[in-house]
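Chemist: One structure, pasted below without further comment.
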Amino acid sequence: MDGANQMAVTEYVLLGLHEHHNLEMVLFVLCLGIYSVIVLGNALLIGLNMLDPRLHSPVYFFLSNLSLMDICGTSSFVSLMLVNFLETQSTISFPGCTLQMFLTLALGSTECPILAVMACDRHVAICQPLQYSELMSRQTCVWMAALSWGTGFASSLLQSTLTWSLPFCGHSVINHFCEILAVLKLACGDTSLNALLTMVATTVVTLAPLRLICLSYVFILAAILRVPSAAGWKKAFSACSAHLTVVVVFYGTTSFMYFKPKAKDPNLAKIIALFYGVVTPSLNPIIYSLRNTEVKAAAIALLRGDLLSREMSRFSCCSLSGRTG
């Protein structure tokens, strides 16, 4: 973006729902509650994965990445949105809008590859259980997670750079919050290259991981059908049920947002987009808590104080050994 554009616009006006003040107050309370569930629920999952040795496995390592992504992704726009609900006019600075667009796009683009590597983890666990520890080593998991994060952030950096290089001619009113499609509507230049890049990026970071997920579950289903006992079927399905539920919820809600009929009332469209952004991340800790016996056992141990007392004992032993050494 050239200097003239930066001088022309120093802040953006976010329309929001200011003509419906009572509705904004209801949404503030509701979104604050959901946001609290997202932060506390996902932080609890990350804490349990760090404290409980039973959760020191690849699937929970990737789950921690997913939880961190949900916290950061939701915080990138919900925190400012909650403040704007209480104000008569909502504005965001040019640097703030740039950062918000970059983070929401980067973290949204990272979620699909993370779900794909989690599917690969389940595939190896069920189809190649004897080689699981070798194939899914700590180093391999770190590289897979780093590749997922790198892909999402590289895609966002490329799209954001190309978007902000467009001429904007002083337009400064954004319908809801700073996301790439809303910002592109403000441009007064040719956006055909941006549209092409968005389509390619969507294919790479959304559809390619979906194909990998589907392929992994085809092999998983084939392996399950070869298991002769019902107990083996149940064990295999329980190992995949939480991840499969998260995948269906994520891609189902995403498909609904992109293919739903255009709402006649623009305020209704804003509310639907709002709930898509805050409700979906809040479901992940609930799904993994309800459908996973190991996570439930770790949560119970935390409530009883067993995990913290174990960590304190280990810390005391390390301190004593350090002194004697």
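Using N, Cα and C of the backbone, Cβ positions are placed for all residues, glycine too.
Per TrEMBL, the features are:
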- 25-48: transmembrane segment (TRANSMEM)
- 41-288: domain 'G-protein coupled receptors family 1 profile' (DOMAIN)
- 60-86: transmembrane segment (TRANSMEM)
- 98-120: transmembrane segment (TRANSMEM)
- 141-158: transmembrane segment (TRANSMEM)
- 196-224: transmembrane segment (TRANSMEM)
- 236-259: transmembrane segment (TRANSMEM)
- 271-290: transmembrane segment (TRANSMEM)
Chemist: Out of 25-48, 60-86, 98-120, 236-259, 271-290, which stretch touches the transmembrane segment (196-224) the most, going by CB pairs under 8 Å?
Modeler: 98-120
Chemist: What is the average pLDDT across the domain 'G-protein coupled receptors family 1 profile' (41-288)?
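Modeler: That stretch averages a pLDDT of 84.
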